[in-house]
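Visitor: Next up is a structure, given as structure tokens.
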There are 2 protein chains.
Amino acid sequence: MTQHSPIQAADAANAPVVAIVGATGAVGVELIRSLEMRNFPLSSLRLLASARSAGRTMDFRGAQVPVEELTEDSFAGVDIALFSAGATISRKFGPIAVAAGAQVIDNSSAFRMNDDVPLVVPEVNGDTIGNQSGIIANPNCVAAILTVALAPLHRKHTIRRLNIATYQAASGAGAAAMEELRQGTLAAIEGRDFTPEVLPHPYAFNIFSHNADVDPETGYNGEELKVIAETRRILARPDLPVGITCIRVPILRAHAMAVTVEFEEPVDEAEARALLAEGAGLRLVDDRAANHFPMPCEVSGGEDVHVGRIRRDLGDPSGRSLALFIAGDQLLKGAAQNAVQIAEALRA
Amino acid sequence: MTQHSPIQAADAANAPVVAIVGATGAVGVELIRSLEMRNFPLSSLRLLASARSAGRTMDFRGAQVPVEELTEDSFAGVDIALFSAGATISRKFGPIAVAAGAQVIDNSSAFRMNDDVPLVVPEVNGDTIGNQSGIIANPNCVAAILTVALAPLHRKHTIRRLNIATYQAASGAGAAAMEELRQGTLAAIEGRDFTPEVLPHPYAFNIFSHNADVDPETGYNGEELKVIAETRRILARPDLPVGITCIRVPILRAHAMAVTVEFEEPVDEAEARALLAEGAGLRLVDDRAANHFPMPCEVSGGEDVHVGRIRRDLGDPSGRSLALFIAGDQLLKGAAQNAVQIAEALRA
């Protein structure tokens, strides 16, 4: 327990024991950072990963915390287990953690559409956190960032349909994809050959349709189908029509999206801007004179979702549609930070 | 004339004298390449540029052609003048070239909306080339690539509205922007500071709203307004509602776009695919099983526009909308190649 003592000293005696499953992955690292940044009270932190990573240590609040191998016995005494190691691991170990008495907050897609598992973006539907099965699902990164920006409009006006085109970062495919983007780009600049191994297409100075499998029937890929289903669930609009195209662009860790929102009745552009300026977790970045709008380089590493380019959609003569551009850190609001916010809401 | 002799030998005696205004720019270089690739018959080629570039030579069909300074006397004996040196140069020297007897094909925005100047994408509205004032306008790069992909659908069915999100390359901002993207990206990988000078925002692993000035009234930028106006004109649909968001992404020379097309009546996905597979200047790249769709890296340097991801828009419950993803070389079909195709049509 030597490694844990600085943490215990820093927190209240009755603070929870927190475990991170998948601690060494791209999101795992950000979970540790989010717990630090948000000063989450905990009595000890347990870092769990595959046998391959066990034995390493990782820094948390100045202490070196050992990485332990994830096993069926890992959850004894754990109060909150933050899972981010893929759907297969969540399906196997999530119920084991619940049986051991832990509250699971799961970043994978394993339980997101289960009726007894709330799918939560605290700024949007934090009220759904109660009455659950021991597992709370953290949404897909696009759905989380999107719904934070839609929530202030959705609360005041009825959305009739959505049209979305995404500009998605490498981080959604993990740390290895981020490194492949860096290495492939360096090779391209230096004129060297480079064969991608993590992602299916060249990423240097290129974009491609999201690498999730494509449904042969509808032509939509798995990422798009997740965003549609999860956005409907988070907004409690089970039949909301959503059209979406998900594209990977050579960005490291922030997602952006061009969104057209059609409402039941015309919504004034100025009113929408005022609602978004006050939105929880949102920052309005909408300076036409300076041509300054949401950008990945300005949201990366930050907690807020940026929204701007608020304007009437010239493609809808009825005047019922507005266009927006949205950006957010994929690893923070799109994953780790949202999970920690759920943990905060649980304690509140 | 020593430099010109290899060209004269290669072409018919009554072939035209061709001049390129802005020969050393990103599009100018591709105009030379397109004349070569398409084996355009000409009796001599004159390369015109600013005084700064005069004195250089550039390779054309194995001969070294001198770059001359553009002056009011540059067009004596010129039959076809291909302009690509910005709207200010076109406004000044276009009429001078016409007065000297040249047919002007202008790549700038200077004359695109003039009633007596045809705005031409040969595959789409090549029939409008006749009866003109001596100037033919080459469209904005997004409008050219977009309308090639829309034309087969537009000919058969009435388009009711369009929704477009673009993924635009550095090349649209010129050769210096392409170099800034390379250098800024290298600096980012190496952890060095880099201050952009050509474009207003960092470009390395970043995207940003198109750098054209934003109309303070509507919130649309100049690029978006051009695409709307030019697409309407090329399709001869002056009131077509078009919503669009133009975004620069870190790609060197190919534009891509996610497009939702709403028709007056439902259009079958299979019929659309068949029409697009036969479309002039188009290649269908639509392999769901292999997750292989249009990509900048596969259209760069090529003449065809790629179209794929053809599917019903799940955001339109009426079933009248289809979604497409389109990519084309910004410097070729988006600029130089289209201008050379116009020159070919003029001679035919």
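Yeah, the Cβs are placed from backbone N, Cα and C, and that goes for glycine too.
For B:Cys141, the entry in TrEMBL reads active site, acyl-thioester intermediate. The active site, proton acceptor feature in TrEMBL is assigned to B:His255. Here TrEMBL flags B:Thr24, B:Gly25, B:Ala26, B:Val27, B:Arg52, B:Ser53, B:Ser171, B:Gly172, B:Gln330 as NADP(+) binding site. If you look up TrEMBL, you'll see B:Arg112 marked as phosphate binding site. Among the features that TrEMBL reports, substrate binding site is placed at B:Gln168, B:Arg248. The domain 'Semialdehyde dehydrogenase NAD-binding' feature in TrEMBL is assigned to B:17-132.
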Visitor: Quick one: which of these recorded positions, B:Thr24, B:Cys141, B:Gln330, have their CA within 10 A of B:Arg248 (substrate binding site)?
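Guide: Checking each Cα against B:Arg248 (substrate binding site), there are no hits.
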Visitor: Taking the residues B:Thr24, B:Gly25, B:Ala26, B:Val27, B:Arg52, B:Ser53, B:Ser171, B:Gly172, B:Gln330, which the record names as binding NADP(+), find the longest CA to CA distance and state it in Å to the nearest whole number.
Guide: 26
Visitor: So of all those recorded positions, B:Arg112, B:Cys141, B:Gln168, B:His255, which one's Cα sits nearest to B:Thr24 (NADP(+) binding site)?
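Guide: For B:Thr24 (NADP(+) binding site), the spatially nearest of the recorded positions is B:Cys141.
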Visitor: Between the binding-site residues B:Arg52, B:Arg112, whose Cβ has more other Cβ atoms within 10 Å than any of the rest?
Guide: B:Arg112
Visitor: Within its own chain, what residues at least 6 apart in sequence put their Cβ under 8 Å from the Cβ of B:Cys141 (active site, acyl-thioester intermediate), listed in sequence order?
Guide: B:Gly172, B:His255, B:Gln330, B:Gly334, B:Ala335
Visitor: Could you find out if DSSP has B:Ser171 (NADP(+) binding site) as helix, strand or coil?
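Guide: The three-state answer is helix.
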Visitor: Write out how many residues of the domain 'Semialdehyde dehydrogenase NAD-binding' (B:17-132) are helix, how many strand and how many coil, based on DSSP.
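Guide: Counts, helix then strand then coil: 32 helix, 31 strand, 53 coil.
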Visitor: Using a 10 Å radius around each Cβ and counting other Cβ atoms from all shown chains, which of the binding-site residues B:Thr24, B:Gln168, B:Ser171, B:Gln330 yields the largest count?
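Guide: The residue with the densest Cβ neighbourhood is B:Gln330.
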Visitor: Can you tell me the CA-to-CA distance separating B:Arg52 (NADP(+) binding site) and B:Gln168 (substrate binding site), as a whole number of Å?
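Guide: Cα-Cα, rounded: 29 Å.
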Visitor: Please list, in sequence order, the residues in the chain of B:Ala26 (NADP(+) binding site) that are at least six apart in sequence and whose C-beta is under 8 Å away from its C-beta.
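Guide: B:Ser171, B:Gly174, B:Ala175, B:Met178, B:Leu331 - these are the non-local Cβ neighbours of B:Ala26 (NADP(+) binding site), listed in sequence order.
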Visitor: Please average pLDDT over the domain 'Semialdehyde dehydrogenase NAD-binding' (B:17-132) for the predicted structure.
Guide: 96
